[in-house]
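The active site, proton acceptor feature in TrEMBL is assigned to Y150, Y160. The NAD(+) binding site annotation in TrEMBL covers G15, S21, I22, I95, K167.
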Amino acid sequence: MMYNLLKGKKGIIFGALDSKSIAWKVAERAHEEGAKFVLTNAPVALRLGTISELAEKTGSIVIPADATSMMDLEELVDKAVEELGGKIDFVLHSIGMSVNVRRGNHYTHQDYNFTKTGWDVSALSFHRLMSVLYKKDAMNEWGSIVALTYMAAQRVFPDYNDMADNKAYLESVARSFGYFFGRDKKVRVNTISQSPTPTTAGNGVKGFDGFIAYAEKMSPLGNATALECADYTISLFSDLTKKVTLQNLFHDGGFSNMGVSTAIMDSFMENYKEETIDEPKKKDKK
Ligand code: NAI
């Protein structure tokens, strides 16, 4: 459904790698809702991914920027303001990468150079980006900045590895910078804590299939898809959410407030019964 929620708004969208990316869906929905925007990604991702397809489809230009480089971010913001013909109304930070995860290093045995790189890409980049936007006074009043996060920032998910720490930092930056952006520029800053979603970044997490199936069974509404995440993001970019700021907003079908669901309990009890009742019986028969 189209509502013209972003008619006349201008934005920057980070992180569309391929059609599975959450940022890709946000770009498609933002286009449908009448926005104009610039797409950006790391130079290497532009070579590997299919972003030019998205650019063509949405009438956007692509400006490469490594989110760990202040120079790239400054050039990006200058060019985006020039290209779009004015200040920015919305920004999506949809960036995440852990070298420890990629290299299969266990959380207890990290290579700290990898840890630093992952933190720089996934978390500090959000501070860098907001700092550039703030110093250049590049955001319009009542603009909206959103970053994507995951619940491992609050609760233990062992295989999420050092990304859990990166997300905790990212969420904290949203609050801390969000205060100054709200007070000085009337711009809101929020994070959306999304369900596990089958994308390139998601599939990199060890045991991701189990992860996604467990969350699906635990959530009363089931996992939120990438497209549903895009819809929610659009609402945060729209004028309908002007006073929502400094929030970490769970978009997860209810998962974050669950203790246990009947579906999880039933499958647990099936295994439990096998282990504690049926197995001893089988042994007795031998
Ligand atoms: P994705 O792999 O499609 O997107 C990650 C993006 O980060 C890619 O486009 C990649 O090129 C970009 N990136 C990596 N290094 C960069 C750099 N140095 N500079 C600029 N961009 C860089 O995966 P997905 O899932 O769409 O990820 C988007 C966001 O959503 C990430 O922050 C991720 O942690 C978050 N998220 C994903 C979940 C999932 O299960 N897929 C769940 C909750 C949050």
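Any Cβ shown, glycine's included, is placed from N, Cα and C.
Remember, predicted model here, so these are calculated numbers, not experimental data.
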Largest inter-residue Cα distance among G15, S21, I22, I95, K167 [record-listed NAD(+) binders, Å]: 18
DSSP three-state assignment for S21 (NAD(+) binding site): coil
